[in-house]
Amino acid sequence: MPFGNTHNKLKLKYTAEQEYPDLSQHNNHMAKVLTSEMYANLRDKETSSGFTLDDVIQTGVDNPGHPFIMTVGCVAGDEETYEVFKDLLDPVIEDRHGGYKPTDKHKTDLNPDNLQGGDDLDPNYVLSSRVRTGRSIRGFCLPPHCSRGERRTIENLSIETLASLEGDLKGKYYALKNMTEEEQQQLIDDHFLFDKPVSPLLLASGMARDWPDGRGIWHNDNKTFLVWVNEEDHLRVISMQKGGNMREVFTRFCTGLTKIEELFKERGHEFMWNEHLGYILTCPSNLGTGLRAGVHVKLPNVSKHEKFGEILKRLRLQKRGTGGVDTAAVGGVFDISNADRLGFSEVELVQMVVDGVNLLVEMEKRLEAGESIDDMMPEQK
Amino acid sequence: MASSFTRLISKRNTAVLLAGLGAGTAGFLLSENSSLAAEAKKKLYPPSSDYPDLRKHNNCMASALTPAIYAKLRDKVTPNNWTLDQCIQTGVDNPGHPFIKTVGCVAGDEESYEVFAELFDLIIKDRHNGYDPRVMKHPTDLDASKITHGMFDENYVLSSRVRTGRSIRGLSLPPACSRAERREVERVVVTALAGLKGDLAGHYYSLGDMTEKEQQQLIDDHFLFDKPVSPLLTCAFMARDWPDARGIWHNNDKTFLIWVNEEDHTRVISMEKGGNMKRVFERFCNGLKQVEHLIQERGWEFMWNERLGYVLTCPSNLGTGLRAGVHVRLPKLSKDPRFSKILDNLRLQKRGTGGVDTAATGDTFDISNLDRLGKSEVELVQLLVDGVNYLIECEKRLEKGQEIKIPSPIVQFRK
């Protein structure tokens with residue numbers, strides 16, 4: 001909650017045991033890590049903007065478990081959260097990001113020339129390609145904690161900055177609270193519109209406060225580069241197009257991001273980033289690259305193969321329905337994307353998707369032809 | 001008693017005493033508690049930059065909260081560190097309700113009503129027909145023997161019910177309470193209820209611990225409450241840590257029921273099938289008095305003061321917090337175009353039999369008192385009794401093809 005430590009000092013008059021949450025029914029990363037000893041050690045701390053341990057964990061206390069995925073169960077309210085509460089967040093990060101240690105360094109690589117291939121994923125199978133990430137503006141509180149004044153400042157900064165983009169990146173901003181019915185319908189038809197979160201995972205962390213104040217969508221005239229302002233992060237940046245030219249999507253992604261970062265710097269602002277955690281975002285699951293590169297791809301045969309899950313695991317890929325994170329696949333069409341975010345660079349992750357999807361499509365063709373794919377099983381990446 | 005006297009002079013109860021006198025506890029300025037960075041941020045973001053956009057809003061908070069009031073109150077905190085932004089968050093997040101003008105504001109503690117009086121007093125006036133907390137006093141009267149004609153015709157009235165809420169002084173309210181405070185509320189209440197005897201003897205079911213069988217029984221009895229889904233409540237932080245320290249107590253006869261830590265510290269309900277509202281209210285008053293006595297024995301008391309009566313989370317429930325109602329069949333009257341006007345003049349409200357946000361099915365309505373503050377419990381229940389009797393009279397007359405009259409409106413406060 002904005003401005004102040006919201007009750008924290010008064011809670012200290014109760015013992016840690018009296019305040020410690022009941023996590024006996026819980027199954028999320030926070031619940032696995034937060035012992036009563038750890039709670040006792042961390043509960044009197046707060047970041048300089050007043051974000052407390054209870055603020056960090058509220059979403060995980062309120063949401064014991066998710067049917068499909070192991071949720072994180074904690075959020076950051078500002079950049080400092082990851083420092084002040086490292087005793088909790090480091091093990092959560094390690095658990096969530098495949099053993100990433102507190103001493104590990106994260107590599108950032110936004111040079112699309114380092115990507116090999118990726119321009120010719122078979123469009124008979126790959127319907128669309130997309131890369132997304134998030135960025136936070138240093139010095140401001142994150143969505144769970146920011147005040148209306150901060151959120152509006154972030155919005156204004158973003159509008160100003162994005163207005164300077166040129167060429168194929170030139171575009172327009174649509175504030176959620178001001179858009180006309182027509183604009184709204186167009187954005188829905190383009191699959192661009194985001195709405196007030198309904199997921200209790202997000203609501204319980206305070207991210208939906210004051211909706212739709214300070215929220216909006218920017219996209220370029222070509223509708224291939226899109227920025228969400230003040231949804232789950234300060235900025236979510238998305239590059240997408242129909243078809244299988246992931247290379248082009250990633251190139252535009254890198255160019256756009258680099259340009260935006262430059263424009264923010266010209267105005268005296270930088271993105272939250274450090275050597276250890278890479279780009280800092282609200283949810284610990286999005287640290288590092290914050291990058292999800294994915295395709296919508298037809299895999300009706302492969303997806304029914306008994307080893308589908310194993311194949312994906314070895315390729316370090318993840319499947320979702322085409323509606324996004326909490327949906328199931330429809331008609332054999334899957335959203336296939338990288339499972340990792342931290343500990344691999346952007347180029348490395350997109351490479352995994354490109355190579356992995358190429359393999360999956362090959363497998364699909366084999367199975368279509370009634371042939372076996374046993375000799376195509378990949379090694380664990 | 002000597003023991004309660006010694007408690008009275010203990011530090012914890014000093015605040016309790018102050019609050020009990022209805023004294024305006026001064027709002028501490030944020031600077032007393034915050035760090036340098038928060039201070040700097042306060043200057044960087046003047047109140048005008050934080051003032052919510054209420055142009056599309058239609059609730060009592062939005063009607064009352066001017067930029068000037070916001071600027072004055074934004075940096076104040078209650079002794080529990082509760083802020084104005086936290087009070088109004090639910091009203092900012094929920095612009096309007098389709099059926100009713102919502103309040104849009106909650107208290108985090110008893111002191112909220114003092115520290116943010118400039119806003120709350122306006123909301124109270126708006127919501128409670130011009131009741132002015134600065135100059136008026138609220139009467140409390142729980143003497144059920146005063147009720148007359150409280151036995152309804154059971155050909156029409158299917159059930160009778162009275163509910164209110166009570167808050168434990170010294171502990172923060174559901175929007176603000178920590179887990180430990182909420183557990184303390186549960187402990188204080190459940191300990192007290194264990195002392196009830198005779199027809200009030202009963203049992204507590206913790207929401208987190210109940211068995212499947214117990215849960216099903218509570219559902220069948222229409223006693224079980226679940227995690228709030230209404231954004232009006234979830235945006236006010238009331239559902240945090242669910243179901244920790246929430247539960248339901250009821251007597252063995254299933255006529256007296258207490259909800260613990262739902263929207264208020266306690267919600268107290270007396271109910272029966274049939275039309276004996278007098279007996280329902282008698283049990284209500286008797287039960288409430290006994291519970292109050294039992295918590296006082298241990299050095300606790302209910303939040304109450306002369307200006308606002310019983311203090312509850314939502315300003316709409318101040319005063320008596322009382323909703324007395326019946327499920328009543330009114331097949332002819334409900335179709336008469338004068339029905340709404342009759343209800344209005346009688347200071348009654350209709351709801352569907354599913355509760356506050358439901359529409360009526362068939363001809364059976366939930367009819368209850370509209371008012372909460374400025375009239376005593378006895379006055380409100382008598383109003384309900386007289387009103388329902390009048391409605392039944394109208395129904396009977398319409399059955400016989402006779403004429404009915406719209407009654408004169410019941411007198412309200414000067415606006």
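Cβ atoms here come from the backbone N, Cα and C positions, even for glycine.
Note that this is a predicted model, so its numbers are computed, not measured.
What TrEMBL says about this one:
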- A:11-98: domain 'Phosphagen kinase N-terminal' (DOMAIN)
- A:96-110: compositional bias 'Basic and acidic residues' (COMPBIAS)
- A:96-122: region 'Disordered' (REGION)
- A:125-367: domain 'Phosphagen kinase C-terminal' (DOMAIN)
- A:128-132, A:His191, A:Arg236, A:292-296, A:320-325: ATP binding site (BINDING)
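Comparing Cβ neighbour counts within 10 Å across the binding-site residues A:Val131, A:Arg236, the minimum falls on A:Arg236. In terms of DSSP helix, strand and coil, the region 'Disordered' (A:96-122) has 4 helix, 0 strand, 23 coil. For the binding-site residues A:Ser128, A:Gly294, A:Arg320, counting C-beta atoms within 10 A of each C-beta gives the highest total at A:Gly294.
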